[in-house]
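Here's the structure, in structure tokens; my notes come after.
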Amino acid sequence: MPTAEAAPSTLSSAISPSADRDTDLEHEKATFRVAATLRRSDAARHAGPDAGDRLADRFLAAIPAVTPETVVSGYFPIGEEMDPRPLMARLAAAGCTLCLPVTPRRGLPLTFRQWRPGDPLRARPFGLSEPLPEAPAAEPDLLLVPLLAFDAAGRRMGYGGGFYDRTLAGLRARRTVRAIGVAFDGQFCDRVPAGPHDARLDAIVTEAAFYPAAAAGD
């Protein structure tokens, strides 16, 4: 029987392989994010000022079945994110209900409130823009998801907060939703490091192409 002093060491040995893997993955992701941020800057410069309009064309050609009953969550871009607002404006003109995410405290999923072009927004930390608190709550059928990088299997590199991962896990546990990554074409990578709790995208749309996510076994 191990002594009281030996027990912590034994427990540490038992959990260390998994803990080491988690730590290694987080380090890999952190390094990857630095490179992906630089890559996105370059992609944004090369895409040109009409990239958002071209992305809207690609999206609507690939997903013509978006109906007025569809609730679509978008976002207001921060930094050098691809701008989905031209697409959002066209979806609103087609009668879709738009909503925007409301960021909660860390560890919780996003919530959503309705928004239409021209509605007032409130400024939030980190440059985020959100609907006013009195805007009606919404639950999206289709989510336009910002990202730093993506790959052919639908893996997405975000900013590390896990908000979209938690949100998609919760929505998908209740019903069918579609998550479409919104990106510059230059953000494509051979493989994005991901763990079992990182939610995958159903597809990615860029100014140059529409990429349905390929099946992946890991």
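Using the three backbone atoms N, Cα and C, a Cβ is placed for every residue, glycine included.
Nobody curates TrEMBL annotations by hand; they come from automatic prediction.
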Annotated range (TrEMBL: region 'Disordered') out of 1-25, 26-50, 151-175: 1-25
Pairwise CA distance, GLY158 (ATP binding site) versus GLU81 (substrate binding site), rounded so that it is a whole Å: 11
Cβ-based isolation winner (fewest other Cβ atoms within 10 Å) among the binding-site residues GLY160, GLY162: GLY160
Extra residues within 8 Å (Cβ to Cβ centroid of ARG156, MET157, GLY158, TYR159, GLY160, GLY161, GLY162, PHE163, TYR164), ATP: ASP165
Same-chain residues at least 6 apart in sequence whose Cβ lies under 8 Å from TYR164 (ATP binding site): LEU110, LEU143, VAL145, ARG156, GLY158, ALA179, ALA199
Binding-site residues compared (GLU81, ARG156, GLY158) - the one with the fewest other Cβ atoms within 10 Å: GLU81
Rounded Cα separation (Å) that holds between GLU81 (substrate binding site) and GLY160 (ATP binding site): 15
